[in-house]
Amino acid sequence: MSAVLVVHGGAWAIPDELAKASVDGVKTAACEGFSVLKRGGSAVDAVEVAVRALEDNTVFDAGHGAVLNKDGEVELDAIIMDGRTLATGAVSSVKNIANPVSLARAVMEKTSHVMLTSQGANLFAESIGISTVPTETLVTEYERREWEKHKNYMTGVIEDFNTQWAHDTVGAVALDSAGNVACATSTGGIRNKMVGRVGDSPIIGCGGYADNFSGAVSCTGHGESILKVTLARLILSKIEQGKSVTEASQMSLQHMGNRVKGAGGAIVVSPSGHWAATFTTERMAWAAVEQDVL
């Protein structure tokens, strides 16, 4: 089985001034994740490494570089899923954690639960020695300025995304040499969101899903729309019906646009190694590595 890794840095109207940094960021993350697969690492290891690289890059809305909610705080969401066993871990509305994807993995491996939220997730992080960082270290000067400018949520969304409902999330999907698939998705959500708002990213079947029988998906876009159509699972159900990864992604995103007027994107890899990066927003930053080719 030849290993494949695909990453995205969010589907939205990425402005020209962020385009190069966004593409550079996904390329770097894809190469870091693929190097894990090359050494014989698992798909779960690879997606975690790739997403951590994106969380550490201030260009993206996840971890460092996350957007601020209505109260000017960072609230982070993440999920990771192992297609071999369907084991899943997720966290939502966590504060001051630099790499929520790793906390999500700890939920998967060290608890009997799938998701921990808010204070509970932070208490769990503390109990296993994951240190918190001051909010200031996660927030860029650019985001602080944008937050001040767009204190009105609706205006902010419309201006930011050229009236296309979307946001900037990061994610990865992988197929390892043993034939296992995995996904991971992480986000800071939408600027000026209500305190405690949770989007699609940490919700199983919405922001991500992985199953060795059908494939792995990580989604990005307008969270409320993705939740309504359970986008990740919808894409995989179309693959199970015999559609190609590209067709399944395009049909599902089209359905979301028609049914709930939502725009977004998805990256997908099948158990046979076919992959796709599809979007209905103006742009989506993505990169893939297959057989050492970026």
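Including glycine, each Cβ sits where the backbone N, Cα and C put it.
Marked as active site, nucleophile by TrEMBL: Thr169.
Annotation comment: TrEMBL describes Arg197, Val198, Gly199, Asp200, Thr220, Gly221, His222, Gly223 as substrate binding site.
In this structure the alpha carbons, written CA, of Val198 (substrate binding site) and Thr169 (active site, nucleophile) are 13 Å apart.
The two recorded residues Gly223 (substrate binding site) and Thr169 (active site, nucleophile) have their Cα atoms spaced 10 Å from each other.
Cβ neighbour count for Val198 (substrate binding site) (all protein chains, 10 Å cutoff from its Cβ): 21. A separation of roughly 15 Å, to the nearest angstrom, links the Cα atoms of Arg197 (substrate binding site) and Thr169 (active site, nucleophile).
Set side by side, the binding-site residues Gly199, Gly221, Gly223 differ in how many other CB atoms lie within 10 angstroms of their CB, and the most is found at Gly221.
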